[in-house]
């Protein structure tokens, strides 16, 4: 410490005693104070939530693990108060692929591994741009070939497809086809000639005006009545088309919101630089619009995945359908809770991963928090 | 109501328009596979098992028809149908037949573009009680509490039954079947009522199935029969007579084990006719002479099908579904 003295004032500068180091802001107690009890309202909320957890968690843990049966059959399980996990192990294959022939199960498995690999590459940001888009476009085709069989592989009829495989396939094809379709509908509604505009508005409002269940019923039950017998499109294809239309109408409205948010100056600047109007829309406006509406777009994708569970009402045995079927197996009657718990867990896992990825995407890019 | 009649009118038009050229037999033979509609999951009737193979009584009827027509009980493509699709799917030709716990009613048979073939299961609303209660007949349920689901015909049938028997039954009404069953199991009611076939399935899921009895009394008629599109009489004959064949086989004592032996050695003219040793029963409906032999060899007779799917797994008694000479009402028309 340097002592500064002044000749005019004989007072000497006396530094205050050094303050002790600030109380450590880390450690469990401080964490609790900062995060859970930083005010009376927060304290009250925390206490209530902790109470609920203390009440629910022991019951859950008992049911999930302590009282649960991990080995055995239906008889053993019925004697126990806990969950019956052998039921889930035994049913995993049918939950994943439905009534798909089990000797060919490696084919959907390969497609599944390809999907996981692509998901990893995408989430970890290893591929981008053109490669990314073409890989995602190629994946459904690859999966359809692997699952359905072509190029000399045994053909597996679409009525045998089911389980989680079917749910993911419906959602994946639905998203991949409905986003471009949605962009076109939005552009048609925003920039189109009066006729195109009217057609796009008509399509969007018609589809948005009816619930998805109605559309599924129309395509599955009513459509075959109006088509000549020679033109029987199979049930799965009709339902996929119905879901694409439904999703596209909603995507179009989301994307239109993005288009409206782009200032006019962008178009004017681009045209002034001599870029053609079409290229302006495609390379200047649309990418910016999509970036603006990323959160709702991801939301629509998650919603579409969850909506695939509705196909059970038109007789497709998707993941939820197989869950219901598994719980009705005469050998394993009475384990509905386990079945639905597992279903909820799988749906949550997939939807949560999607929403995490969505958040990561938002943080990227010029408007994002980091780059 | 207007909508329903509109839909059935459309279905009828579609079916009659289709039937002119719909030769289902030719279509099935040329495709080499039978498209059969089943339910999305009813224990003992149709349900995919852990290997992803469809199993159940309804499923075995499809397999029997496939064996009769194509000689291969695995040449079936099962389409799970919901209750709202089951009639339209067959009347519009999406499936060749539906075998899906469908009650044979006049309205469906006459005005919805479908024909019922032959009853494969006589179901009806029944009661389950605790064995210790000592109740053996539904008449003894006076002043009993009965768990039932709301807004269904089940609830109305129960009220009708009580009035007809002049007894007081106190219904305890629940929104869903699961809740009603759970309430019964926990002792909330003295009895549980729903379709007898489902009572068996529910009993299997109890911790101690032996402690509960299903009464023989049935208070409603639910004859379950497979259906085909209206207008293709040959196809209807094939399905009908395959079912009669299954029932006759049990009556004659032909099983999947002794069928080869009986075909070679039996002197009984009825057995010989059924197995195609003498006469040409298959020719009447456009099939091979040995049609029934293929069926019995692959899926067994009606009794074997019933035992495999309903008795062994769900503990269901034959009851009404026993042969006519064994206390039931199963009565196959003579095959000759």
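Cβ coordinates come from backbone N, Cα and C, glycine included.
Here the structure is a predicted model, which means the values were calculated and not measured.
TrEMBL lists transmembrane segment for one of the ranges A:68-91, A:164-187, namely A:164-187. Of the candidate ranges A:14-39, A:40-65, TrEMBL annotates residues A:40-65 with the feature transmembrane segment. Taking Cβ pairs closer than 8 Å, the transmembrane segment (A:40-65) reaches residues 81-83 in its own chain, all 6 or more past its ends.
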